[in-house]
Amino acid sequence: MDFLKFIFYGIIQGLTEFIPVSSTAHLKIISQLFGVKDPGSSLSAIIQIGSVLAIFWYFRKYIFNTINSNSKILRPSFFSNKIYKSIFIGTIPIVLIGGIVKLFVTDFSNSFFRSNFSIAVVSILMSLIMFLADISTNKFINLSNHKYRNSLFIGISQAFAIIPGVSRSGATISMALLSGWDRKDAAKFSFLLGIPSISLAAFVEFITSINEFSTFPFLPLFVGLITTFFSSLLAIDFLLKYVSSNGLKIFIYYRLVFGILIILNL
């Protein structure tokens, strides 16, 4: 039973981490729908490691080529690379806000923000934000010509994804589009920005909830991570291809309906 449960968590986490619909919200709501225990923020953060590994694997050529073109990873030329500077700048807001949340919200897993009502309202609000982002014009910014302030704004939007229902990819892609980014590069930067933010979330949860992790069965958890990895690869490939030519419309409609259905079932 543990294996099936963790495979279930892995599939939901992997698909919804990168498709802009909120992985945390779907883990909670779909778990309730199928009568499976809500994994909570700690387990959710740990199985997200599979998603981080998927980003590395999918963009391995881009990452390694960038590293090779800027000498070795510990040399100054590496840190002068624009994309790595942008990722660093974009990660600062979630580190600050995430740290504040950890300090002052002692039981975030059971807070109002993880309630079904909050998830529903946030999902509906995000559908409106994504709609505005999708219809915005002048998409001329890309990974090569973007400004560091663009990275900061996208990073600030990512910090709000701490709230279940926001969606890290939904928030970052929307902010990028509103800032004038090209659709494909908006999604690509969102995924690359997820490497440090998701990794840090998993690390912090591990350190602060180490006693809780000792209760998780190792083999089912490992299977869950593998499942997350492969489902994340599918989601990344799908979203990059879909968004570049179709935009966010299907996800906007889905999020609106998702939020309304939750409210109707409260």
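Keep in mind that glycine also has a Cβ here, set from the backbone N, Cα and C atoms.
Counting only same-chain residues 6+ beyond the ends of the transmembrane segment (1-21), those with a CB under 8 A from a CB of the stretch are 27, 30-31, 34, 36-37, 39, 43-44, 47-48, 50-51, 54, 123, 130, 167-170, 173-174, 191, 194, 198, 217, 219-221, 223-236, 238-239, 248, 251, 254-255, 258. According to Swiss-Prot, the feature transmembrane segment maps to 1-21 (among others).
Per Swiss-Prot, the feature transmembrane segment maps to 39-59 (among others).
The list of residues near the transmembrane segment (86-106) in space but at least 6 beyond its ends in sequence, with Cβ under 8 angstroms from a Cβ of it, reads 146, 148, 150-152, 154-156, 158-159, 161-162, 189, 192-193, 195-197, 200-201, 204, 208. Annotation source Swiss-Prot lists transmembrane segment at 86-106 (among others), citing sequence analysis.
For 117-137 (among others), the entry in Swiss-Prot reads transmembrane segment, with the evidence type sequence analysis.
Through the fold, the transmembrane segment (153-173) approaches residues 16-25, 28, 89-94, 96-98, 101, 113-114, 118-123, 126, 129-130, 133, 179, 186-187, 189-191, 193-194, 197-198, 239, 243, 248, 251, 255, 259 of its own chain, all at least 6 residues removed from its boundaries and within a Cβ separation under 8 Å. The feature transmembrane segment is assigned by Swiss-Prot to 153-173 (among others).
The transmembrane segment annotation in Swiss-Prot covers 190-210 (among others).
The transmembrane segment annotation in Swiss-Prot covers 216-236 (among others).
Among residues of the same chain six or more beyond the transmembrane segment (246-266), those with a C-beta under 8 A of the stretch's C-beta atoms are 19-21, 25, 29, 116-117, 119-124, 126-127, 130-131, 133-134, 165, 170, 173-174, 177, 183. Taken from Swiss-Prot, the feature transmembrane segment covers 246-266 (among others).
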Residue numbers, six or more beyond the limits of the transmembrane segment (190-210), whose CB comes under 8 Å of its CB atoms: 17-18, 41-42, 45-46, 48-49, 51-52, 55-56, 58-59, 83, 87-88, 90-91, 94-95, 98, 102, 154-155, 158, 168-169, 172-173, 176, 236
Same-chain residues near the transmembrane segment (39-59), Cβ under 8 Å, at least 6 residues beyond its ends: 6, 9-10, 13-14, 17-18, 23-24, 27, 31, 108-109, 114, 188, 191-192, 194-195, 198-199, 201-202, 204-206, 209, 212-213, 216, 221, 224-230, 232-233, 236-237
